[in-house]
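Quick look at what Swiss-Prot lists:
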type	residues	note
BINDING	SER10, GLY11, PHE12, THR13, SER34, ARG35, LYS36, ASN319	NADP(+) binding site
ACT_SITE	CYS151	active site
Amino acid sequence: MKKVCIIGASGFTGGELLRLLLSHSGVEVVCATSRKFKGEFVYRVHPNLRGFTQLKFVEPTIDAALKADVVFLALPHGESVKWVPKLYESGVAVFDLSADFRLKDPNAYVEWYKWPQPHPYPDLLQKAVYGQPELHRDELVGAKLVAVPGCMATASILMLAPLAKYGQLGEVPPVVDAKIGSSGAGAEGSIVDLHSYRTYVVRPYEPVHHRHIAEIEQELSRLAGRRVRVAFTPHAVDIVRGIFTTGHVYLDKLPAEADMWKYYRSMYGDSKFIRIVKDRLGISRYPNVKYVLGSNVVDVGFELDPRLNRVVTFAAIDNLVRGASGQAVQAFNVAMGFPEDEGLRQIPVAPI
């Protein structure tokens, strides 16, 4: 039984970590922290957990965290870096849901996250494992510092990874269009995340130089064995949960459909969570956010456009589960030797 502490447990990702870990047979959640709600029952902030836990929020301190074997950091970007060195040195396993240890290049934090100087712990950057089990499984086994991938980066990488691995990304940078629900803005969003502004909306934000580009390019370049650049634009849409990504890959020669199936099946055929969705019949012939919600499932798919020598790829995920807390638990399971789907066997909710 692993004792777990969640630092920053009052937000959406913290609440999802609690929901998933409370059903994990190998975990005891011994602390959940929040400065704002210190002393309050967890279910007062996360009403869906009423009747499932009597845990109260405590002040976030290193001493509280060290009562656990494993710490999940659900903190804003730029905050985890203050915690990780002390926790890592103490021998506690750390699963960081922020971006603070995702990028291997210390200078990338200046460019993509506007840090005033390069990452102060380049040695820990190299030790951190990028927590995408389908692509980093061997590295995750026994890992003590795991950087959980970003939500839109997760969908983008997983839909394009088979093409990167098998040399099918071409010389033209792939174009990725992403759509994300309002929960992606967190529990304390800005004025444009209020209901009056968000309802009926379909709007781009950070249409160029979005920070998730750094992760996407890092991981696709690793798979391709060369530098890969990506054109990425996200859009806020009128849903609460979910991310849908569409990728456009332009090639000199289009692969056969049978080869495309081989690429995707070779990478994901044994996956517990990734489903390849490309059907000729049924009501959902390609990935659809509606059919992954509440789960750690990733639906990926593709279509071929011979007129333009274009491969169109798709991915659908729940941004709070597979895009954050679910992927963190999945990586935790692989690192700690639990069944990969322990605590993650929720079937997607439909209709919703």
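Including glycine, each Cβ sits where the backbone N, Cα and C put it.
Here the features listed in Swiss-Prot are painted onto the structure.
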residue : record               : contacts (Cβ under 8 Å, 6+ apart)
SER10   : NADP(+) binding site : SER34, LYS36, PHE37, VAL45, HIS46, PHE57, ALA187
GLY11   : NADP(+) binding site : ALA74, GLY186, ALA187, GLU188
PHE12   : NADP(+) binding site : SER183, GLY186, ALA187, LEU320, ALA324
THR13   : NADP(+) binding site : ALA74, LEU97, LEU320, ALA324, SER325
ARG35   : NADP(+) binding site : GLU59, PRO60
CYS151  : active site          : ILE180, GLY184, HIS212, ILE243, ILE317, ASN319, LEU320, GLY323, ALA324
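When the binding-site residues SER34, ASN319 are compared by the number of other C-beta atoms lying within 10 angstroms of their own C-beta, SER34 comes out lowest. Mapped onto three states, the DSSP output places ASN319 (NADP(+) binding site) in coil. DSSP classifies PHE12 (NADP(+) binding site) as helix under the three-state reduction.
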